[in-house]
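Listed in Swiss-Prot:
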| type | residues | note |
| --- | --- | --- |
| BINDING | Arg23, Glu80, Lys120, Lys454 | (6S)-5-formyl-5,6,7,8-tetrahydrofolate binding site |
| BINDING | 226-231, 245-251, 270-273, 335-338, 358-360 | GTP binding site |
| BINDING | Asn226, Thr245, Ile247, Thr250 | K(+) binding site |
| BINDING | Ser230, Thr251 | Mg(2+) binding site |
| DOMAIN | 216-377 | domain 'TrmE-type G' |
Amino acid sequence: MSDNDTIVAQATPPGRGGVGILRISGLKAREVAETVLGKLPKPRYADYLPFKDADGSVLDQGIALWFPGPNSFTGEDVLELQGHGGPVILDLLLKRILTIPGLRIARPGEFSERAFLNDKLDLAQAEAIADLIDASSEQAARSALNSLQGAFSARVNHLVEALTHLRIYVEAAIDFPDEEIDFLSDGKIEAQLNDVIADLDAVRAEARQGSLLREGMKVVIAGRPNAGKSSLLNALAGREAAIVTDIAGTTRDVLREHIHIDGMPLHIIDTAGLREASDEVERIGIERAWQEIEQADRVLFMVDGTTTDAVDPAEIWPEFIARLPAKLPITVVRNKADITGETLGMSEVNGHALIRLSARTGEGVDVLRNHLKQSMGFDTNMEGGFLARRRHLQALEQAAEHLQQGKAQLLGAWAGELLAEELRLAQQNLSEITGEFTSDDLLGRIFSSFCIGK
């Protein structure tokens, strides 16, 4: 297998459909056109032609599109054959194409990888293709499209350019120490550095919003048996996702629902009631419940309001609170307000949000929805936003750390060499986002998660 091979893959989903598309990219795409079509179509024009087998018989008839490189998606010669979407027809056509020497099936994401390697798009834009396909909401799709069009990359490139200018200024101060003007102490470098840090903080904030849109928030409903956890899952999901009975311990395994609140994706997880297990099946369910709790972004601590008047989680169940991860946010949900007569709504107790509601009737559930949205700091009115991945957030965080360390060197010791090194490392972190400095292993992992024909 060579990167110089001409590759072919189906660009439409598998199965039956009105249209099926095969995409070919590489040096032999021209030969494929002349062999299968009998001619080379006019560049960037739709040509309705028969697709022929080796013996000259017609396999299908459809539209052929020819994009000579470098003016194509991949930067190479690209041929698209758009025929009927029957799997048998597409398979016959694919087999015919693969009889031509030098052609092979594309790896997942290889078309996008070649576009990246040929400078047709940067790494953040390439990732946006997969994010656009996988978008689970309208807002996520719009943000992915913004990233594909270069919104995220433009912000990162602006930071890289600012760091380049700053590094030139610092290097000049180091190389010409005998000049009358002390560049390091006259305040200009500090002012420029503060501007870059402020711009980076703004990009980090937008990237966190983009990560929320892409990754979603994992919320685990936990508590004792029969507290109403499954009823709350159903209320949030808007359907009967979980079985609800008066029998304690009805939920034995983890139940997952994916919902959206004003465009924000939420992964709601209902868990088995936490208690001393009565059998092996329940023990496994409780063990899985704790695994989910430890990986959660937030826990909804479900309390049966008819069993206690306490509102402080440490008073309600100290052993449960003691076992939770130290920094895990908790929302106390006092359920069955329709029975206890408690006033619906949200308050605060010991630094934790407290919400009184009735999962059975749905009263107060909207308060919980708004609380979940606000707790993540999600801005539903965000215009021109972009999607971001965890690796993007990590790169931005590392760049911010290097800039802060560089500032400390500047203010503490006027150490120009150390400041220059921190600026270089910050610039390298930012360049990893767009792929200017990225390891081959990381590129392989990123593109292998794509669809075959992308």
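Note that Cβ sites are derived from N, Cα and C of the backbone, with glycine treated the same way.
Locations of recorded Swiss-Prot features on the structure.
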| residue | record | DSSP class |
| --- | --- | --- |
| Arg23 | (6S)-5-formyl-5,6,7,8-tetrahydrofolate binding site | strand |
| Glu80 | (6S)-5-formyl-5,6,7,8-tetrahydrofolate binding site | strand |
| Lys120 | (6S)-5-formyl-5,6,7,8-tetrahydrofolate binding site | coil |
| Asn226 | GTP binding site | coil |
| Ala272 | GTP binding site | coil |
| Lys336 | GTP binding site | coil |
| Ser358 | GTP binding site | coil |
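For Lys336 (GTP binding site), the count of additional Cβ atoms within 10 Å of its Cβ stands at 21 [all protein chains shown]. Across all of the domain 'TrmE-type G' (216-377), the predicted model scores a mean pLDDT of 84.
If you take the CA of Ala272 (GTP binding site) and look 10 A around it, the binding-site residues you hit from Arg23, Glu80, Lys120, Ser230 are Ser230. Look at the binding-site residues Arg23, Lys120, Lys229 and count other Cβ atoms within 10 Å of each Cβ; Lys120 has the fewest. Counting only the Cα atoms, the space from Glu80 ((6S)-5-formyl-5,6,7,8-tetrahydrofolate binding site) to Ser230 (Mg(2+) binding site) is about 50 angstrom. Lys120 ((6S)-5-formyl-5,6,7,8-tetrahydrofolate binding site) sits 49 Å from Ser230 (Mg(2+) binding site), counting Cα to Cα. When Cβ atoms from all protein chains are considered, those within 10 Å of Ala272 (GTP binding site) total 27, not counting its own.
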